[in-house]
Structure formats: structure tokens, C-alpha cells
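Chemist: Sharing the features that TrEMBL gives for it:
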- 12-31: transmembrane segment (TRANSMEM)
- 43-61: transmembrane segment (TRANSMEM)
- 67-285: domain 'Cytochrome c assembly protein' (DOMAIN)
- 73-91: transmembrane segment (TRANSMEM)
- 98-117: transmembrane segment (TRANSMEM)
- 137-163: transmembrane segment (TRANSMEM)
- 195-218: transmembrane segment (TRANSMEM)
- 233-250: transmembrane segment (TRANSMEM)
- 262-290: transmembrane segment (TRANSMEM)
Amino acid sequence: MILISLEHILVQIYFAFFLIITLVFGGTLVYPVTKIGNSVKRGALIVFLCITTILMIRWFYSRHLPLSNLYESLIFLSWNFCFINVFIQFLSPNMRWIGIITAPSALFTHGFATLVLPIDMQQSQRLIPALQSHWLIMHVTIIFLGYVTLLCGSLSSIALLAMNSKNTTVLKKTQIVFLLENWRKTQIIQQMDNLSFYSIVFGFTFLTLGILSGAVWANDAWGRYWSWDPKETWALITWLIFANYIHIRLNKGWRGQKPALVASLGLFFVWICFFGINLCGIGVHTYGWFF
């Protein structure tokens with residue numbers, strides 16, 4: 001009971017603290033201040049440790065990996081966004097803009113889980129027989145890493161398209177001023193393009209491994225590798241979309257806007273695969289919904 005109360009307190013602290021950090025971080029992008037930027041980075045680390053503690057507490061009292069329903073899945077997704085944010089900011093301080101993608105994403109998923117989902121869905125539940133397997137940690141963790149890195153890659157592409165459209169407008173007005181005043185934006189666009197590509201490559205690899213491990217688990221649990229379940233079908237469609245993205249990047253040599261459009265389209269399919277099917281409550285992969 002004490003652990004559950006502590007978890008609820010940490011959940012509220014995490015949301016409030018991360019909301020402040022997200023707002024302050026957005027301000028530092030408009031008005032860069034080194035001291036504030038460093039404070040936000042340290043704050044992001046504290047928030048990451050907070051949500052890590054939340055997951056560990058839930059894992060301890062539930063006696064299983066906290067991925068048994070939609071609420072726990074969203075909290076784990078938020079943790080992944082926090083991890084990527086902290087990892088990239090500490091690894092490459094000049095890519096501080098990554099927070100404008102990961103911070104709102106983590107805040108949205110956490111806020112939806114805690115403020116929108118019914119209270120009974122937020123309670124820890126016993127695993128159904130199909131999930132009581134050693135495959136749970138391997139398959140679900142891998143597929144989640146695939147989802148979150150693909151989402152980061154897609155969101156980076158959307159940010160690239162937004163910034164590129166603004167720079168194109170400025171370029172048409174005065175090319176010399178553009179080259180002098182928007183050099184930093186051009187560098188950020190290149191970083192976004194590279195981050196999008198590498199995120200999608202990693203995400204595509206994890207998604208592939210997740211689909212394969214899921215097929216082995218399905219055969220072990222139900223006696224068949226593939227059943228065209230809605231989640232499986234949408235995962236395959238998502239895989240094909242990002243396979244096409246990687247193909248045009250590597251074989252066509254496309255960079256910038258064209259592949260970014262494909263990656264942006266992939267965002268829709270990832271969200272349908274991860275989120276939409278759960279909300280509709282269809283198929284064997286939906287262990288939490290409210291429709």
C-alpha cells in the first residue's frame with residue numbers, strides 16, 4: 001500500500017516537473033541562455049530518474065514487467081522518450097533541440113495515461129496466461145524500442161519539414177541574409193536529417209527483431225507463427241513503410257524533404273499500430289482499452 005501511494009505521488013511530481021521543464025526548454029530555444037539550458041538538462045535527468053523509479057516500484061509490487069495494459073505501456077513509452085532525451089543531450093550537447101521532440105512526446109503520453117485513462121485501467125493487473133512467458137520481456141521491450149525510435153525519427157522528419165519550409169521562404173527573399181543569419185538553422189536541419197535516418201534504422205532493426213520474436217512467441221503460445229491479427233498486420237505495414245524510407249535513402253541517395261515526407265507518413269502508421277488498435281480493443285494484442 002505504501003509503494004502504491006509512493007508511486008502515485010511520483011507520478012504527479014513527474015508530470016508537474018516535466019511540464020515546467022518542457023515550457024522552460026521551449027523558451028531556451030527562442031532565447032538561448034546557457035545557464036538555463038544546463039539547468040533544464042539536469043532537470044531532465046531528475047525527471048528520468050523519477051519515472052525510472054515509478055516503473056521499478058510498479059515492477060516490484062506487481063512481480064512482472066509493467067507492460068500488462070495500456071496504462072503501463074504508455075508510461076513505459078514515456079520512459080523511453082525521457083531516456084532518448086537524456087542520452088542525446090548528454091552525448092551531444094549541441095543537439096539540445098532534441099528536447100522539443102522528446103519532451104512534449106513524453107509529457108503527452110504520460111498525461112494521457114494518468115489524466116484520460118480510467119482509474120481501474122491504471123491499476124496493476126495479473127498477467128493473463130498468454131503473457132506469463134519469458135518472451136514477455138524480450139519481445140515487448142524490443143518492439144517498444146522499435147516504436148519509440150521510429151516515432152523519434154518520424155517526428156524529427158516533421159520538424160525538418162517545418163524548419164525547411166521557413167528557410168525556403170527566407171531564401172526567396174534574400175539569399176545573402178539567409179546564408180549569414182540562418183547558418184545555425186541549416187546545421188540543425190542537417191542534424192535533424194541525420195537523427196531521423198539513424199533513429200529509423202535503429203527502430204526498423206528493433207521492429208524487425210520484435211516481429212520475429214513475436215512470431216516465435218505466438219507459435220509457442222497458440223501454435224502458429226502468424227495469424228493476421230490487426231496488430232500484426234499494422235506492424236507489417238509499418239515495417240514496409242520504413243523499409244521504403246531506408247531504401248530511398250540508401251539506394252536513391254535522397255536526403256532532406258523527400259525521404260522526410262515518407263518518414264512523416266510513417267508516424268501515422270506507428271501510432272495506429274501502437275495506440276489505435278489498443279483503443280479500439282480488437283485482436284489478441286489489446287490488453288487494455290476503454291471503447
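The backbone N, Cα and C atoms fix where each Cβ goes, and this holds for glycine too.
Please treat TrEMBL annotations as automatic predictions, because they have not gone through curation.
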Chemist: May I ask you to check whether the transmembrane segment (137-163) and the transmembrane segment (43-61) make contact, with contact taken as at least three Cβ pairs under 8 Å and only pairs 6 or more apart in sequence counted?
Modeler: no
Chemist: Name the range, of those listed as 43-61, 98-117, 195-218, 233-250, that has the largest tally of Cβ pairs under 8 Å with the transmembrane segment (73-91).
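Modeler: Top-ranked stretch among 43-61, 98-117, 195-218, 233-250: 98-117.
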Chemist: If you average the pLDDT over the domain 'Cytochrome c assembly protein' (67-285), what number do you get?
Modeler: 82
